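Shown next, in structure tokens, is the structure this report addresses.
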Amino acid sequence: MVYRLSLLLVVFMAAAISIASEDKEIYVVHMDKAKTTALDDILGDSKKWYEVVMDSITEFSAEEDGGEEASAPELLYTYETAITGFAARLSNKQLEALNKVEGFLSAVPDEMLSLQTTHSPQFLGLKFGKGLLASRNLANDVIIGFVDSGIWPEHASFKDGGMKRPQGTRFTAKNCNRKLIGARAYFKGYEAAAGKIDERSDFRSARDSHGHGTHTASTAAGHMIDGASIFGMAKGVAAGMSSTARIAAYKACYALGCASSDILAAIDQAVSDGVDVLSLSLGGSSQPYYADVLAIASLGAVQHGVFVAAAAGNSGPSSSTVVNAAPWMMTVAASTMDRSFPVIVKLGNGETFEGESLYSGTSTEQLSLVYGESAGGARAKYCSSGTLSPALVKGKIVVCERGINRGVEKGQEVAKAGGAGMLLLNTASQGEEIRVDPHVLPASALGASASQSIRNYVSSENPTASIVFNGTVFGKPAPVMASFSSRGPARKEPYVIKPDVTAPGVNILAAWPPTVSPSGIQSDNRSVLFNVISGTSMSCPHVSGLAAILKGAHEEWSAAAIKSALMTTAYTLDNKKAPISDMRPNGPSATPFAYGSGHVDPEKASNPGLIYDISYEDYLYYLCSLNYSSSQMATMSRGNYSCPTDTVLQTGDLNYPSFAVLFEGKPHDNSATYKRTVTNVGHPRTAYVAQVHEPEGVSIIVEPKVLKFRRAGQKLSYKVSFVDSGEKSGSSDPSFGSLVWASSKYTVRSPIAVTWK
């Protein structure tokens with residue numbers, strides 16, 4: 001053993017080079033799992049090996065540093081479960097030395113990522129005590145892990161009544177219970193990049209000072225709370241999708257964002273802790289999988305049987321903005337529910353418009369309208385600090401444009417200047433999407449068309465308006481795709497349709513820390529226990545919670561099986577039986593690049609009939625089909641993985657529940673044939689018939705056209721051929737269709753997206 005250790009140290013020392021004192025960066029370093037496992041037997045654990053590595057790349061450089069010792073690299077984290085490697089602060093020369101260390105695969109600079117329901121269960125068709133929410137499906141010990149901004153443990157949403165008890169600033173083991181079974185904080189990467197956390201405004205513990213993590217955790221798995229509301233609005237029973245699931249909170253996000261090294265440490269620990277579901281309401285930029293640390297870590301999580309749900313991003317409505325697009329991640333878009341908080345704005349010329357607001361006070365009378373110059377000058381149209389004139393604004397309704405500061409801040413400025421109300425206008429590019437705010441005075445946000453009419457009217461002689469609040473109303477057309485929700489196709493590796501599904505993500509009410517104002521503005525001193533916010537960060541935990549319920553109902557299902565069930569049973573018609581529409585400006589009906597397979601339908605997902613299962617090995621084959629280099633494959637597989645050479649691999653053969661077809665070249669020369677295998681999880685003896693809705697410009701052949709199952713668990717395969725008919729010659733617009741396997745009881749639907757280069 002001594003000889004082997006000495007040999008390894010020689011390898012390390014041979015790799016060492018002179019390291020001058022220089023600026024350093026934080027890197028996430030991927031190492032070969034087989035090498036670290038072998039060394040565990042020698043040194044006891046991988047951390048000791050990495051410490052030896054750190055020592056080996058620290059050398060004297062008398063010529064460059066005058067004989068002074070160069071600063072040592074700083075080891076921040078070691079990763080052992082979801083990925084294999086470590087995070088460290090390294091100089092360029094230390095990184096060069098590390099490249100020569102045996103077992104080194106790759107190094108990626110640390111990145112700062114960003115954080116991207118009283119009515120949700122009912123809108124999703126869930127009924128407490130019935131169907132999927134029957135007690136037999138909720139009794140299992142399913143754990144959801146949240147990598148987020150932490151959690152407020154004392155909130156009523158995290159009480160453990162009726163459940164079977166599993167450190168840092170103001171957070172000890174006493175804050176945990178049978179609902180919140182664990183909480184950890186990771187901040188080494190963040191502090192290395194942004195400086196030490198200011199504990200006057202944040203916590204170096206799992207306690208949430210932002211609100212985001214508390215909101216997402218309660219959305220997925222919050223305890224049932226009667227009478228939840230924000231200022232009396234959206235009042236009802238607040239409950240997470242899986243109200244009996246256990247919560248493990250991993251704080252990795254702070255005031256300036258989430259360091260990827262901290263996120264990886266959180267994911268690695270979560271998988272090691274044995275979570276069943278990982279909820280990732282965060283994201284970075286679009287990158288190839290081998291350079292995307294979230295993609296790499298989530299693949300490791302899936303290898304351990306963990307279902308991973310991730311936010312699609314909030315950069316819509318532009319195309320190819322979706323993030324977290326790896327096929328082993330469930331990528332979730334955001335859409336509306338049928339609940340609204342309507343406000344009627346009546347102009348002096350008789351025109352009326354509907355807006356929305358969370359203001360719960362009294363309505364206004366017909367009052368004078370002021371805007372821009374009539375409110376204090378050209379800059380006053382944004383209602384930013386110091387731009388409004390009290391002499392011009394007092395007792396009037398002020399029209400404010402979006403931009404520069406937040407909506408609630410604009411209202412504060414109006415109130416400070418003596419204004420009696422505010423109308424908050426959307427631009428044409430913002431479209432009809434309205435995200436409600438908890439205003440401090442009578443105020444309403446309005447969509448683009450109403451906003452333009454108000455701009456035209458306010459320049460007339462003696463303009464007036466009134467604002468009338470109608471509380472909480474149900475029944476509007478829904479779902480509608482949120483304009484902010486990021487769209488496909490994926491910028492990198494667009495070989496599967498992304499996002500995968502959509503779920504409620506607009507104006508979602510959920511738990512909130514009482515020390516954080518509902519607007520998140522420092523000057524807002526109000527305290528609430530529930531708050532309404534929007535984003536794919538809100539839609540993601542809906543799916544995380546649904547996955548937990550499905551895991552409880554079908555313990556034998558893999559992560560891919562749960563994902564398949566949610567995708568193939570999703571719907572594409574709204575509650576008025578019309579195609580799901582889109583809030584993007586001048587947008588037609590939404591497409592699979594907005595909602596993926598459609599809106600989740602959990603009750604149908606619990607009995608999908610057929611599933612498309614995918615193994616860890618299948619994902620590696622898919623990566624091989626992308627022609628990744630041996631070093632890139634090693635990074636993804638955490639070792640020396642060799643792609644098969646005796647078979648033809650194509651991206652379209654991944655056993656995915658949707659079809660993405662990419663045609664290149666001349667029309668009529670384009671064709672592709674993909675294979676799929678489905679597993680019967682429905683009635684043992686069932687026959688399915690293929691029903692095809694062909695995308696424009698594409699002919700489709702399915703072989704065989706009928707699948708006859710004789711037993712539960714039986715697998716049958718089929719092939720789909722796509723042929724370019726030439727009808728879309730010269731057009732680069734995508735075409736969409738679907739393939740449905742239909743029986744007397746089940747409808748198993750897969751969307752088809754065809755793009756041309």
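Glycine is treated like the rest: Cβ placed from N, Cα and C.
Annotated features, as they stand in TrEMBL:
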type     : residues : note
SIGNAL   : 1-20     : signal peptide
DOMAIN   : 27-115   : domain 'Inhibitor I9'
DOMAIN   : 140-598  : domain 'Peptidase S8/S53'
ACT_SITE : ASP148   : active site, charge relay system
ACT_SITE : HIS212   : active site, charge relay system
DOMAIN   : 368-453  : domain 'PA'
ACT_SITE : SER537   : active site, charge relay system
DOMAIN   : 653-754  : domain 'Subtilisin-like protease fibronectin type-III'
What does the structure give for the C-alpha distance between SER537 (active site, charge relay system) and ASP148 (active site, charge relay system)? Integer Å is fine.
10
Would you please pick out, from the active-site residues ASP148, HIS212, SER537, the one with the fewest other Cβ atoms within 10 Å of its Cβ?
HIS212
Quick one: pull the CA-CA distance for HIS212 (active site, charge relay system) versus ASP148 (active site, charge relay system), whole Å only.
7
Within the domain 'Subtilisin-like protease fibronectin type-III' (653-754), count helix residues (DSSP H, G, I), strand residues (E, B) and coil residues, in that order.
1 helix, 59 strand, 42 coil
Counts by DSSP class (helix H/G/I, strand E/B, coil) across the domain 'PA' (368-453):
32 helix, 20 strand, 34 coil
Stretch-averaged pLDDT - the domain 'Inhibitor I9' (27-115)
78
